[in-house]
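Novice: Before we start, here is the structure in question, set down as structure tokens.
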Protein chains: 2
Amino acid sequence: MTRPEITHDVRITDTTLRDGSHAMAHQFTEQQVRDTVRALDRAGVEVVEVSHGDGVGGSSFNYGFSLTDEMTLIAAAREEARQAKIAVLLVPGIGTADDLRRAHDAGAEMVRVATHCTEADVSPQHFGVARELGMETVGFLMMAHRTSPENLAKQARIMVDAGCQTPYVTDSAGALMMHEARARFEALVAEVGDEAWVGYHGHQNVSLGVANSVIAYESGVRYIDGSLCALGAGSGNSPTEVLGAVFDRLGIETGLDVSALLDAAEDVVRPYLHRWPKMDRNAIVQGWAGVYSSFLLHAERAGERYKVPPHEILRRCGELGYVGGQEDMIIDVAIGLAAERDRAGAAVS
Amino acid sequence: MTRPEITHDVRITDTTLRDGSHAMAHQFTEQQVRDTVRALDRAGVEVVEVSHGDGVGGSSFNYGFSLTDEMTLIAAAREEARQAKIAVLLVPGIGTADDLRRAHDAGAEMVRVATHCTEADVSPQHFGVARELGMETVGFLMMAHRTSPENLAKQARIMVDAGCQTPYVTDSAGALMMHEARARFEALVAEVGDEAWVGYHGHQNVSLGVANSVIAYESGVRYIDGSLCALGAGSGNSPTEVLGAVFDRLGIETGLDVSALLDAAEDVVRPYLHRWPKMDRNAIVQGWAGVYSSFLLHAERAGERYKVPPHEILRRCGELGYVGGQEDMIIDVAIGLAAERDRAGAAVS
């Protein structure tokens, strides 16, 4: 297997239209997708990810229904992109090989197969299908703070052996401190760097996504994710426009037109934001306690329903070690906290 | 001269009520100041800065008038603080020795004397007055990206020789890349570390304030600034509540109660925010082009008046190398850009 050729020092993937789907409660319109892809493509972004926040097939009761069929969005994105490659996320257990084939037919040329950081062994079948289809392959090792650098590297090895061209350190909770991120980047580059690139996907829960992106580059990572206006789960991703400005300042070549990116964020994405992702209490608690970023809106809804502060729900989820795929447990946590509160109230009165 | 004794690994100064004054257009009420100081004090913050954004005496036509007399705010802060020391900013040329005496009488126990990074020689008189008054002394070397680490260290030496106990690397534009910040921290610690502490004041224009705070600690810096909800000029400061969470994760002792800080940000400051400081186009351009953070609202007002995009005004200010104190030039830049636009329009029509 060979690494894909890359043309710049860093290959930026923008995930506004996939990770940002969480922050938009999966309500993207076709027009928003077209406008965003066009702006990203013109600004020199080489990979644009488009799908439900939880990947192809994610539109469901458990993860939230999409407003627009994602195959329609992928096809629209493909039409708008002159040079950018369209990518989709696929979480085994949520999306199927069939979803992947449909995404490929709609125009997706890259798949990012995402598993929990210790469960790479559920990914090989999907990498196999993707390689048969001739797609470029990325592997997401999610919640990468939850295992050691050594073990993460072993999981990356499983993915690469299965046909993954670029395994990613995926900091789903925005919880990786800089030295923790560096150790994971170095471990993956040492393990698979001869035959694969290594990637980094960060969140801004404690505002270290951009800093970790710089450290990623220093450590040999060449695929880095961002999203416009930081639009993504939790407090959002490393903003693509900030990555552009910082790499420009550092003289690291990305092929990005920073002014065009700043305009894309401000003039295309900002007008349709439900809310600007920010480091509020809920988001910081996710980074502090290491909670899956896409739990945010679920916890807010459960908190409203059961009259429990969402940040307490999120902190409990961190203590209990819940990971992506356990969204249904958030309701149980809220019910438990409400019961604790009621018992405490009864004891006082 | 001796360094002040410090009780924790890092001494956090919160500047919500000073740098945040810029973001609030200097409209703080006494009640907001009381509530914020009480919350910070209870959360273990050791130094709380209170004054006009441009320092004592800043309330003026050029810098914006304060809603509440700052001596009233300082006295209120002093009343609310059980353990925290109240600090004021003083910019020579804006504030006078007389303003400092009045601030001291109102309850300020620390002064932070701020000069452009190459103009420490305007500070000695004020340090002298402060030491006579028995105040703790900090020196701000503003726009620290605009001079070399070696020269910045020489400027810190001038301040320390004049009675400054803690010179600061002050990244007023949020423009310092991590390696640039580290070089400055190391240079100052090497130059004055035997007799003074070194401090760091960061802005989040490209979201490196928190990362640079960690690097500061690694480099021997022991005074670090933050503000709740990042409330400060430009895209705001390193959020105090995030600094608390990150240092907690790193096992670096700050004496902060992180949960109390998260509540202070969410329940005390957030309700009175005019807007949540964010990395929008204007703020990012400031970090990218190295523009003084407090120029933001001035540029927005000038942009509205002369129908010129504020980010273009800010970028031009960066090209022209304007620094704090040259706020009046922002109008000239806006007029110049408007004239250029009109000439271009005339040529086309």
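Here, residue 1 is simply the first one shown, and the rest follow in order.
Each residue, glycine too, has its Cβ placed from N, Cα and C.
Feature list, courtesy of TrEMBL:
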DOMAIN    B:10-262  domain 'Pyruvate carboxyltransferase'
BINDING   B:R18, B:D19, B:S172, B:H201, B:Y292  substrate binding site
SITE      B:R18  site 'Transition state stabilizer'
BINDING   B:D19, B:H201, B:H203  Mn(2+) binding site
ACT_SITE  B:H22  active site, proton acceptor
Novice: Would you list, in sequence order, the residues of this chain other than B:R18, B:D19, B:S172, B:H201, B:Y292 that have their CB within 8 A of the centroid of the site's CB atoms, where the site is the one recorded for substrate?
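Specialist: For the substrate site the neighbour list reads B:T15, B:H22, B:G53, B:A114, B:F140, B:M142, B:T170, B:H203, B:G232, B:A233, B:N237, B:S293, B:S294.
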Novice: Looking only at B:R18, B:H22, B:H203, which of these recorded positions has the biggest number of Cβ atoms within 10 Å around its Cβ?
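Specialist: Going through B:R18, B:H22, B:H203 one by one, the largest Cβ count within 10 Å is at B:H203.
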Novice: Between B:D19 (substrate binding site) and B:H203 (Mn(2+) binding site), find the distance joining the two CA atoms and give it rounded to the nearest Å.
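Specialist: On Cα coordinates alone, these residues lie 10 Å apart.
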Novice: What residues, ordered by sequence, lie under 8 A Cβ-to-Cβ from B:H201 (substrate binding site) and sit at least six positions away in the same chain?
Specialist: B:T15, B:F140, B:Y168, B:V169, B:T170, B:D171, B:S172, B:D225, B:N237
Novice: How many Å lie between the Cα of B:Y292 (substrate binding site) and the Cα of B:H203 (Mn(2+) binding site)?
Specialist: 10
Novice: Can you give me the Cα-Cα distance between B:H203 (Mn(2+) binding site) and B:R18 (substrate binding site) in Å, rounded to a whole number?
Specialist: 14
